[in-house]
Ligand SMILES: NC(=O)CC[C@H](N)C(=O)O
């Protein structure tokens with residue numbers, strides 16, 4: 001049951017509205033995590049719904065399918081514009097791929113929305129560790145490591161100078177032949193994780209997004225309209 005906690009943020013200011021892109025992939029767990037962080041939430045399938053949100057989660061799923069569907073729903077250009085315009089966003093797994101400026105050896109015709117200056121490799125952990133879990137220290141997340149669930153996850157193989165690396169999986173965990181691998185990054189208001197933060201019952205990664213959305217909303221509100 002989804003609870004309305006719209007007034008739960010400190011100072012009684014309006015809680016930000018955070019959308020979850022809902023064309024394919026897992027949305028329910030993200031919506032619940034965002035609500036627990038004090039956001040108002042909604043699903044986004046159309047450009048008009050995108051206009052309503054202050055921030056957006058791009059969930060995991062299948063990045064080629066999500067790419068096809070956002071284009072079919074006329075969402076690709078509006079999404080690119082919002083991302084380029086500074087809307088805070090969190091991309092998880094397939095969502096991380098969508099936020100990447102480049103894919104290594106993309107599937108035929110596959111495009112991304114872009115926003116983060118990095119190259120990602122899809123299904124980067126090979127068969128041995130197709131899916132795995134581990135505890136990771138994530139820069140900016142306080143209170144100990146995050147339990148990270150990886151499902152046919154990508155990794156960043158190259159990041160530009162403006163990209164902050166938030167987490168790496170040690171080579172020993174990532175599997176034979178792998179060095180330390182970049183699995184969480186931030187560039188300005190855009191966050192991406194190769195793992196699924198919505199599946200661990202730990203809302204601290206979502207909280208980073210909601211904080212960023214609160215800051216964006218606060219900076220665009222007139223000084224005296226917060227009552
Ligand atoms: N869990 C996921 O989101 C998997 C991502 C998927 N392997 C892709 O390339 O799109």
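The backbone N, Cα and C atoms fix where each Cβ goes, and this holds for glycine too.
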**Asked** TrEMBL has 61, 62, 63, 151, 152 binding L-glutamine. Which one of 36, 40, 82, 122 is in the same site?
**Response** 122
**Message:** Below 8 Å Cβ to Cβ and six or more residues apart, same chain only. Which residues does that give for residue 152 (L-glutamine binding site)?
**Reply:** 93, 123, 125, 130, 131
**Listed in sequence order, residues with CB under 8 A of residue 62 (L-glutamine binding site) and six or more positions away** = 24, 25, 94
**Request:** Identify, among the recorded positions 93, 151, the residue whose Cβ has the fewest other Cβ atoms within 10 Å in this structure.
**Result:** 151
**Request:** Look at each of the recorded positions, 61, 63, 198, and point out the one with the fewest other Cβ atoms around it within 10 Å.
**Result:** 61
**Request:** Would you mind pulling the DSSP three-state label for residue 151 (L-glutamine binding site)?
**Result:** strand
